[in-house]
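Per TrEMBL, the features are:
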type	residues	note
BINDING	H188, H334, H338	Zn(2+) binding site
COMPBIAS	1-21	compositional bias 'Low complexity'
COMPBIAS	73-82	compositional bias 'Basic and acidic residues'
REGION	1-82	region 'Disordered'
TRANSMEM	137-156	transmembrane segment
TRANSMEM	168-190	transmembrane segment
TRANSMEM	202-222	transmembrane segment
TRANSMEM	234-251	transmembrane segment
TRANSMEM	263-287	transmembrane segment
TRANSMEM	299-316	transmembrane segment
TRANSMEM	336-353	transmembrane segment
Amino acid sequence: MDQVSSISTAASHASGAGAATYNHDWAPSKVSSQRGPGIEKTSPGPRKRRSTLIHIKMSQDLQTRKTPAPEGLEARDSKKETEQGKGWRLLTLAEMPEWHQDNSYLIRGYRPISQSVRRSVSSWFYMHNETLNIHTHLVPSVFFLLAQFGISTYFAQHYPLAQRGDQLIFSLFFASAAICLGLSAAYHTLMNHSHVVSEAMLRLDFVGIMILILGKFVSGIYVGFKCEPFWRMFYWGMIMSLGSISITLVLNPKYQGREYRTFRLLSFVGTAMSGFVPIIHGVLLYGLAQSWKQSGMKFYLLEGVFLALGAVFYSMRIPESVKPGRFDIVGASHQIFHVLVVVAACVHLWGILDAYDYGYQNLTCRVI
């Protein structure tokens, strides 16, 4: 009896508490007052259904309620998203589209595809695997461009009796070097813009290389055959013809595939190496000793060594082919190739200055 009384009392308190919690108008379920061996079960009245509905609603609220992010997390995510939008997050080779996967030995450091000239240009100011390719030609391009403004002063101070055509030849060389290196820097800047822009800039890059070759050839022939106007015109015509053929090959879409990579390189190297023809002719015409002094031959030979060495690094992709992933940012073959191209251009400038100085001081033939 005491047990029944205790249970009845507990049930009453529980019912009262439930009513107080949810709704005072709901009456508690009655427990049978009949004495007996057991207690009559509580009928599932309105309170139980109400309680069940409330618990279901609370569970749904908890499931659909968005848990607030820890303090600072949204800011970090926003910053990361902004950085990705600016192209600061570098990608791996596997994340790049197939048309951008040119060198399988460079694993990381790729800029995202920008679809924006501004975003591509902004990559000048942070490190990635094209940074050195850009600046190793951008800075020298500016140097050769500024040299245009100093050539008049230099000639006025050192060669006051120089012909107008003499200064023009040096200006043409500076312009060809500035155009070549500038187009190269532009290509490496915009190659992550889009497939169409990358292909267009690549063609302009090759055209720039040929322009530099022509500028070197024209200036070298000018100082080397100072007293031979016929041979000047002959060799200028030869190099212009070869250069036109090479440029045609570059601009023809048929030869833009990767399978023609070596073929394009050989066409440029072949055109450049044709410069040895007038050098040999000069030796036969003037003798080795005289040609060595008046043509700048020793400098052109050194220039050829640098260009050939650069071609080896470029075509064999050394050193990244030996240790893939080790030279992704600094030290890749294309960066070495760029440096050697600039060194070769400076050596050529040294050569034509040396040859011109010798001709100005020692040769008395009439310059046409």
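In case you wondered, yes, glycine gets a Cβ from its N, Cα and C as well.
Those TrEMBL annotations? Automatic predictions, nothing curated.
What TrEMBL annotates, mapped onto the structure for a quick look.
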| residue | record | Cβ contacts under 8 Å, 6 or more apart |
| --- | --- | --- |
| H188 | Zn(2+) binding site | E130, N133, I134, H137 |
| H334 | Zn(2+) binding site | N103, N133, Y314 |
| H338 | Zn(2+) binding site | L132, N133, T136, H137, S184 |
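In three-state terms derived from DSSP, H188 (Zn(2+) binding site) belongs to a helical segment.
A helical conformation is recorded for H334 (Zn(2+) binding site) in the three-state DSSP classification. Apart from H188, H334, H338, the Zn(2+) site neighbourhood in this chain, defined by C-beta within 8 angstroms of the site C-beta centre, holds E130, L132, N133, I134, T136, H137, S184, Q335, F337.
Segment contact is absent for the transmembrane segment (137-156) and the transmembrane segment (299-316), given fewer than three CB pairs below 8 angstroms at sequence separation of 6 or more. The stretch from 168-190, 202-222, 263-287, 336-353 with the most CB pairs below 8 A to the transmembrane segment (299-316) is 336-353.
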